[in-house]
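First comes the structure, then the notes that go with it.
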Amino acid sequence: MSMFRTVTARLYAPTKPLIPRFSNGLRKYATQSQTDLKEILAAMIPVKQEEIKSFRSQHGASKIGDIQVDQLYGGMRGMKSMICETSVLDPEEGIRFRGLSIPECQKVLPTAQGGEEPLPEGLFWLLVTGEVPTQAQAEWLSRQWADRADLPSHVVTMLDNFPGNLHPMSQFSAAISALNSESMFAKKYAEGVHKSKYWEFAYEDSMDLIAKLPTVAAKIYRNLYRDGSSIGAIDPEKDWSANFTSMLGYEEPMFTELMRLYLTIHSDHEGGNVSAHTCHLVGSALSDPYLSFAAAMNGLAGPLHGLANQEVLVWLTKLQEDLGGEVSDEQLRDFIWNTLKGGQVVPGYGHAVLRKTDPRYTCQREFALKHLPDDPMFKLVSQLYKIVPGVLLEQGKAKNPWPNVDAHSGVLLQYYGCKEMQYYTVLFGVSRALGCLASYIWSRALGLPLERPKSMSTEGLKKLVGAQ
Amino acid sequence: MLVCTGRLLHVARVLSCRARIKQFMSSVSGSGDDDLANAMGKRDTWENFYKTQSEQGTKQFDWFVGYEEMVDLVSPYLRKQRKPHKAHVVALDIGCGLSNVALQMCLSSNEPMRIVCADIVMTPLETMRQQYQSTRGVVRNSESHLLFTMADASQLPFRDGYFDVVLDKGTTDVIIRSSRGSDLAKTVVQESLRVLRGGGHLLQFSDEDPDIRLTLLNGVTRGVRATVTFKEISTSHGMEYFMYVVQKEN
């Protein structure tokens, strides 16, 4: 399995050294014929525990960095402070899920029958095990999730009683918290189960929660935007994304393909971002996965974290209105020039982390080129992609002038009729569960303790550095 | 009549602005090998860039931030560097281009400063030299001066420990994108550290995110006696920039 992946990775990235993946020692445990994720995990966990134990015994006291006063006031930016096994940001290639970049994932992860985009089930398998799943393993997850997707009636009642002006993210987070009536983790903890078994119930809750999220999200959508119409029944034959789009009320198969792609690429982005970190932090107190993930969603609802794709679409819509239809490259260039010169930003541009266009943007662009090349909003986004980096360079404002992932997602969604921009963050949240919960399972498996960093007062800091 | 003329002038201005933008855009994002967006790491790209600037009569071009935004950030590092037996604070600006930061620093410094402006292409150096010569009279400390030289940041023509401060504004950003990318960027940092005296500072100004730049800088300074820190620089126009500080140990 790993050999296949190693060979494949070499085929597609021949000049780049392979980033070592932890699964190197685990090849013999994950067999292609096994589909039970829990059993596979049960075999992997002791091996990983041993690896970490050995590493810490040799290097536990090794220093890995310095801390400056500014970093305490600066949101701990750049401070190495936590463990996240599921994804690492590669400065050249973008996010790597267990070592695989997004283009690599698109090539090796299973797709739906007859589809081209990767199944998020496959990505979850990869995040949890470090192994690329077989088609059978991904489909096993689809069936598991279809099985576990129904909601307890009190959550349905709760959702149906929310007022129409309660933000979808608030509804989402509240429902997730309320779902913890189903938490096996909480129940078993209260019964005094041994901590070596925590991961098993973390696993069950995570699988349940991931399965239920589309149901919750679809209910919110229907209640807010489709007159409370019924989400219908879960189809045990459909994959996770297909059931989701059906429940949302979309028939178009390409929208389902888009959803598969979307839910895959937004799933994880290292451990320090607000949602991932929150889920980890709250989980470290042994709050069950539902409570931990609900907390993460509260973080995602913050304007600085999850609202960017909404902001981009709002700006694009206004731009379309201001321009009054299709404009020439020259006219758009002038408009952008003046916008940037005037001290405003172009949402989606200018906070690029990578030295080239984020692959999460590129794969969305490729989807659009394939399926909606003539959509007016996509054409505008395409034009912006052609023009904005050049203007940012020309004005000396950036040497990393590339767009980020949020510059594109709204455009694809609105094409298929999903124009409710306030709702986009909920979709992001559904995707992010894959990364957050994969990490949650492993945090319990590895017995990671309560997270409790040391805080300092300004007074204390001054004393520490000998300031007046 | 006046309205008509006004309109004509406006149109003329817009047209000439558009023409300039068009000319620049074709050099910035054209489909050739030498366009800025895709070939930033190539020397030819910069030869063309500065040729265009020169033809347009551009006398100054600063990447990311200019003197106003930088002066307060940089001056602590200049003040600290004064050694009793040395008359000047000596600084190096690698990849200076058409930045007037060095010029402004030199003119406004109370203490005598010697700043070497270095770039791998000649054209901007000539423009800056002319500008410097025309401002000679207004320097605050008559012993301050600017020197201009062509230099390759990965092979600096200076002896060890010569400088108090090395400024790198947008230069490593370019070097990272050359064909030897990170390796060359590491060499540039190592060279900067070599020509710095013990306790001296390399200041890199960039739009590159700390997660990425710190990985590079920590990689270079591993095994070398240097510490890496950074500061966020916010600007009025919402872009995020950073000053990365690498201090060579004494």
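A Cβ is built for glycine as well, from the same backbone N, Cα and C atoms used for every other residue.
Some features that TrEMBL has for this protein:
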type	residues	note
ACT_SITE	A:H305	active site
ACT_SITE	A:H351	active site
ACT_SITE	A:D406	active site
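Where TrEMBL records a feature, it is marked here on the structure.
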{"residue": "A:H305", "record": "active site", "DSSP (3 states)": "coil"}
{"residue": "A:H351", "record": "active site", "DSSP (3 states)": "coil"}
{"residue": "A:D406", "record": "active site", "DSSP (3 states)": "helix"}
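Listed active-site residues: A:H305, A:H351, A:D406. Those with a CB under 8 Å from a CB in chain B, in sequence order: A:H351. Cβ crowding, taken as the number of other Cβ atoms within 10 Å, peaks at A:H351 among the active-site residues A:H305, A:H351.
Of the recorded residues, A:D406 (active site) and A:H305 (active site) place their C-alpha atoms 11 Å from one another. Here the Cα atom of A:H351 (active site) is found 13 Å from that of A:H305 (active site). Cβ neighbour count for A:D406 (active site): 24 (other Cβ atoms within 10 Å of its Cβ, all protein chains included).
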